[in-house]
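Student: According to TrEMBL, the record shows the following:
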| type | residues | note |
| --- | --- | --- |
| DOMAIN | 116-241 | domain 'Palmitoyltransferase DHHC' |
| TRANSMEM | 32-55 | transmembrane segment |
| TRANSMEM | 61-79 | transmembrane segment |
| TRANSMEM | 158-178 | transmembrane segment |
| TRANSMEM | 198-224 | transmembrane segment |
Amino acid sequence: MEFEYTVLRKEADMHNRCCGGLVWCIKDICGIMCAALTWILILYAEFVVMVVMLIPSPYPVYSLINGVIFQSLAFLAFASHLRTMFTDPGAVPKGNATKEMIQQMGFREGQMFFKCHKCCSIKPERAHHCSVCQRCIRKMDHHCPWVNNCVGENNQKYFVLFTFYIASISIHALFLSVNQTITCVKHEWKDCSVYSPPATVVLLLFLVFEALLFAIFTVIMLAAQMQAIWNDETGIEQLKKEEARWVKKSRWKSIQAVFGRFSVSWFSPFTTPLPRMKHEGFLYSV
């Protein structure tokens, strides 16, 4: 059975929100530190690529093209990270499992529904409780400390884009580092960088290590996310080997449910897929 979305007037839910309730944010120290470390590593890659490799390069066209590509990918990666981090992943209203609310939601006496005893909410199908967010999240895939948020129904697109753009700048940084090393070996090390040869070697080695590590990690994560979307099955459902009680969408419909209709906006962290008008088996309230 499908219930259409109904907006119910009640007090604004301020849990996991800041800036007067305008922004979703998880107050988890570990997650905040991981997110800050992500920004620091992106900025370090920016510094080495631009200051050590591209700006001092004697080839202006090479520097301009690679600079524009790297800066564009880094900006999109940073924007995707922020959208993932500060977007409500699909939190179920906390404490809505009251008798009055159940009646307002249109549930009939004797009708079966699921209740989360941890956050006292009416639990929609395919929702799971996150111990870090302390909320039930619709279509929860997993909680990622690197974005300090759950990956769920509302922000999965941004998380996929984040992994895609981080993988892209990592591979690009590896290419630039290898090319810079070859150039320095062919010429005098002191002439290929504004820094001393030992400092240049250390900066390049750390960038190669960072880029290689993040490229492997994000490519694997990106592949896992795309497989989950393709199969209409979240990561936590795969992990728990849950039997599909929902009607699975076709593969193309599953992709559209996350990214929207095919267009260039698929690759933009600034666009939001059109909201679904119905939610299977659950009357949603805000």
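Using N, Cα and C of the backbone, Cβ positions are placed for all residues, glycine too.
Keep in mind the model is a prediction, meaning the values are calculated, not measured.
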Student: For the domain 'Palmitoyltransferase DHHC' (116-241), what are the DSSP-based totals of helix, strand and coil residues?
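Tutor: The breakdown for the domain 'Palmitoyltransferase DHHC' (116-241) reads 74 helix, 18 strand, 34 coil.
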Student: Return the average pLDDT for the domain 'Palmitoyltransferase DHHC' (116-241) as a whole number.
Tutor: 91
